[in-house]
Amino acid sequence: MIWLFFAVLTALSTVSSAVTQSHLLRVSPVNSLCADLIRPANYSCTEHTIETKDGYKLALQRVASSHGPKLQIGPPVLLQHGLFMAGDVWFLNSPKESLGFILADHGFDVWVGNVRGTRYSYGHVTLSETDKEFWDWSWQDLAMYDLAEMIQYLYSVSNSKVFLVGHSQGTIMSFAALTQPHVADMVEAAALLCPISYLDHVTAPLVERMVFMHLDQMVVALGLHQLNFRSATLVKLVDSLCEGHMDCTDFLTSITGTNCCFNASKIEYYLDYEPHPSSVKNIRHLFQMIRKGTFAQYDYGYFKNLRVYGMSKPPEFKLSLIPASLPMWMGYGGTDGLADVKDVEHTLAELPTSPELLYLENYGHIDFVLSASAKEDVYKHMIQFFRARRKFSSW
């Protein structure tokens, strides 16, 4: 869910505070994802902009391989990132290790989503990012507006149903969006990495500590609506989280659980791109899931719930509404402190279908997107799942 939070914390624990704060506070490369990461790797990339029904301008990138013989364009696949990430996470490792490049090399029509508030999707038709109203959203809005609009755009452009890939928060968005029939009808199949719809068995100790300390309320008290860990205020807050409270010498484990195959030596490189901003409201919504053990819309409190929802409690998202005919594939790990096995099992029990499952005992939360061995451990199984849904003779 929040692996990029670990990157800030890990860096703060492993290098001097002054060096790290300088590194985080410097401007990151945001010309465009195509220009920053994809074209330099010799892949074709085009930028697209779409507008959500509530006025946010989102960036999408379309990626194709420029290597070897020209392949027939395969079905569209949308990659949806997690919290404090953007579409760049699918391209941060080498072309032989990064899912975005690997799918393009296999002939898929690769599209990369970037939700509102990230540095690639930092626009609105009327609001500025300095307006508090710009940040008045949580993951349910990312699902109902951002992801729904992305899928509609791909469906219209390609005239084809879409393969959907999500990681962490991207799976929360996917589960919620797929309960809506008009969205599910445009999706050919879904592949979900570290699937989350319930969070009441989170075991990552620092996340538990932040929930217990009501970190979400602390940042509200600071007058913040945006969570941007490149700001001086947030860097200092994160730096002080563990002082005198708990042993946070291993931040990676504290935030995500143990990861087997993540290359921690590349953290400084990753920090050139991550973390991306998110909203305080989004964090509060995720913390509500942990505290309440529900997969529900944002809880405003009794009286505002009555005004917004017409009921005292927020409506729950019913996984049973996802069509039983929709093929699903899930990859999850035995050491993931965020997408805990018990919560995954809870999700599976409520789905009307039985997804194909890949369980890796030694994999943690970060491994599924940045493991050096994920191509063999994870991605080849995902691609086999997609190929079984669409049989193109030229593939």
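Keep in mind that glycine also has a Cβ here, set from the backbone N, Cα and C atoms.
TrEMBL annotations: computationally assigned, not manually curated.
Noted in TrEMBL for the protein shown:
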SIGNAL    1-18  signal peptide
DOMAIN    35-93  domain 'Partial AB-hydrolase lipase'
ACT_SITE  SER168  active site, nucleophile
ACT_SITE  ASP336  active site, charge relay system
ACT_SITE  HIS365  active site, charge relay system
Fill in the blank from the handout: Rounded Cα distance, in Å, between HIS365 (active site, charge relay system) and SER168 (active site, nucleophile) is 8
Fill in the blank from the handout: Row HIS365 (active site, charge relay system), column other C-beta within 10 angstroms, all chains, value 32
Problem - ASP336 (active site, charge relay system) and the residue listed as 'active site, nucleophile', distance between Cα atoms, whole Å - result: 11
Completion exercise
All chains considered, the count of other Cβ atoms within 10 Å of the Cβ of the residue listed as 'active site, nucleophile' is 31
Handout entry: Helix, strand and coil residues within the domain 'Partial AB-hydrolase lipase' (35-93) as assigned by DSSP
Key = 12 helix, 24 strand, 23 coil
